[in-house]
Amino acid sequence: MANYFNTLNLRQQLAQLGKCRFMARDEFADGAGYLKGKKVVIVGCGAQGLNQGLNMRDSGLDVSYALRKEAIAEKRASWRKATENGFQVGTYEELIPQADLVVNLTPDKQHSDVVRAVQPLMKDGAALGYSHGFNIVEVGEQIRKDITVVMVAPKCPGTEVREEYKRGFGVPTLIAVHPENDPKGEGMAIAKAWAAATGGHRAGVLESSFVAEVKSDLMGEQTILCGMLQAGSLLCFDKLVEEGTDPAYAEKLIQFGWETITEALKQGGITLMMDRLSNPAKLRAYALSEQLKTIMAPLFQKHMDDIISGEFSSGMMADWANDDKKLLTWREETGKTAFENAPQYEGKISEQEYFDKGVLMIAMVKAGVELAFETMVAAGIIEESAYYESLHELPLIANTIARKRLYEMNVVISDTAEYGNYLFANAAVPLLKEFMTKLQPGDLGKAVEGTAVDNAQLRDVNDAIRSHEIEKVGQKLRGYMTDMKRIAVAG
């Protein structure tokens, strides 16, 4: 099979990369109605599979789970989760032929096997759903022409999809219809109903394309969302310990620092995050972020180039075929780092202390968010998509580090995200080594001293922060998420 994106001509590639429209709330007036009375069969009962299914059932849909015979016979975790939550569970052969919508929520590397198993069983005119388009775009999976192919991609881990729904809200969501598979022209109606059934319409839905979702998702998770947090954690911890900081305190400052810092980012963008600093610290964080952007821009651009060309995907799929040798090696190496094995700090760190003593971490967040956004937009991805795949998801990933350090982050994210994270972090750590030797007192682990600032310089820095395009689009999109709950509780 050929990479689907690479079969398109340049005009088609640009059109699909640039497809992004914020949908009006009244477009979801029918809610999940289009799927009421129809049979939805979910394949896979992981975090997305279970939690989307619970939401869909609570929205009045008929939901069941198709699992492999071995998973049922051996009563594996997927079978237990589905049955314990009262869902009908059956084999592919038992459930797929009756399904009006088959939703494939298995891991990326399983998609080809799953789709090849379910396609022959699907009835004529049924629909196939994804929450990530890797199988269609990068693998180039060919789907029967009578089947409608749609995507509903919540911009959140599965657990958050459920929690926000239970609060009467939802999470921002991308929806799309595969242009090669919409024989009856009902793809958008199916996608809208599915998105509404998960609660996504209450937080904002972007009509996108499979191509735009995949390319932006890969870029975000590899760079700012996971790769930058991993590289930053390792670099900052080692620097603190090298300068004599208690390893336990250093570990806590970093583990919970990302979460606390990005909570401000979530509520008010880069502007609010920077406003939590004293004026001298803000000027220093800005200067550090500009240095970081200059150093890291080529690395961000390389990742975007490799994602657009398909180089990243082909390399990762080669590792799949080699029993994940690279992935598992990198995972093991991460588990052996000093940060992951540092003792726990039993004392308290106040919320403001995370900001005052984490100026470099704030600079890393600012630089990473802006670079990811700028690089995606330069590649033809629309600003709204770039925002969701950079700034919006960052607090959610930071929250996983707060739970169990980098181990938890890499467990929660997909194998695709984890592989890309290691690629980026393994390049970023040596790239930033020299930069780390030039830090000043007050950049990390100690507060910036003094209060004196130049008014004109502060004015110009404030203007530069607030006039960045990600701040403009972020203010608009956050207006649809006024019900967001507070994730972080400073440790």
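Glycine is treated like the rest: Cβ placed from N, Cα and C.
All protein chains considered, the CB of Ser78 (NADP(+) binding site) has 21 other CB atoms within 10 Å. The NADP(+) binding site annotation in Swiss-Prot covers Cys45, Gly46, Ala47, Gln48, Arg68, Arg76, Ser78, Asp108, Lys109, Gln110, Gly158 and is backed by sequence analysis.
Using a 10 Å radius centred on the Cβ of His132 (active site) and all shown protein chains, the other Cβ atoms total 24. DSSP assigns His132 (active site) to coil in the three-state reduction, placing it in neither a helix nor a strand. Under the heading active site, Swiss-Prot lists His132, citing sequence analysis as support.
If you look up Swiss-Prot, you'll see 209-344 marked as domain 'KARI C-terminal knotted 1'.
Marked as Mg(2+) 2 binding site by Swiss-Prot: Asp217, Glu389, Glu393. For Glu393 (Mg(2+) 2 binding site), the count of additional Cβ atoms within 10 Å of its Cβ stands at 25 [all protein chains shown]. Reduced to three states, the DSSP call for Glu393 (Mg(2+) 2 binding site) is coil.
Residues annotated as Mg(2+) 1 binding site in Swiss-Prot, with sequence analysis given as evidence: Asp217, Glu221. For Asp217 (Mg(2+) 2 binding site), the same-chain residues 6+ apart in sequence whose C-beta sits under 8 angstroms from its C-beta are His132, Ala153, Glu389. In this structure, Asp217 (Mg(2+) 2 binding site) is part of a helix by DSSP.
Taking the domain 'KARI C-terminal knotted 2' (345-484) as a whole, pLDDT averages 95 in the prediction. Under the heading domain 'KARI C-terminal knotted 2', Swiss-Prot lists 345-484.
Taking Cβ-Cβ distances under 8 Å and a sequence gap of 6 or more within the same chain, the neighbours of Ser414 (substrate binding site) are Pro107, Asp108, His132, Glu221. Residues annotated as substrate binding site in Swiss-Prot: Ser414.
Spacing of Ala47 (NADP(+) binding site) relative to Glu393 (Mg(2+) 2 binding site) is 17 Å (Cα to Cα, whole number). Around Glu221 (Mg(2+) 1 binding site), taking its Cβ as the centre, 24 other Cβ atoms fall within 10 Å, counting all chains. Once the Cα atoms of Cys45, Gly46, Ala47, Gln48, Arg68, Arg76, Ser78, Asp108, Lys109, Gln110, Gly158, the listed binders of NADP(+), are compared pairwise, the greatest separation found is 21 Å.
According to DSSP, Arg68 (NADP(+) binding site) sits in a coil region rather than a helix or strand. Look at the domain 'KARI C-terminal knotted 1' (209-344): DSSP puts its residues at 117 helix, 0 strand, 19 coil. Taken residue by residue with DSSP, Ser78 (NADP(+) binding site) is part of a helix. Around the Cβ of Cys45 (NADP(+) binding site), the number of neighbouring Cβ atoms within 10 Å comes to 27. Spatially, by CA atoms, the binding-site residues Cys45, Arg68, Ser78, Lys109, Gly158 include one closest to Glu393 (Mg(2+) 2 binding site), and that is Gly158.
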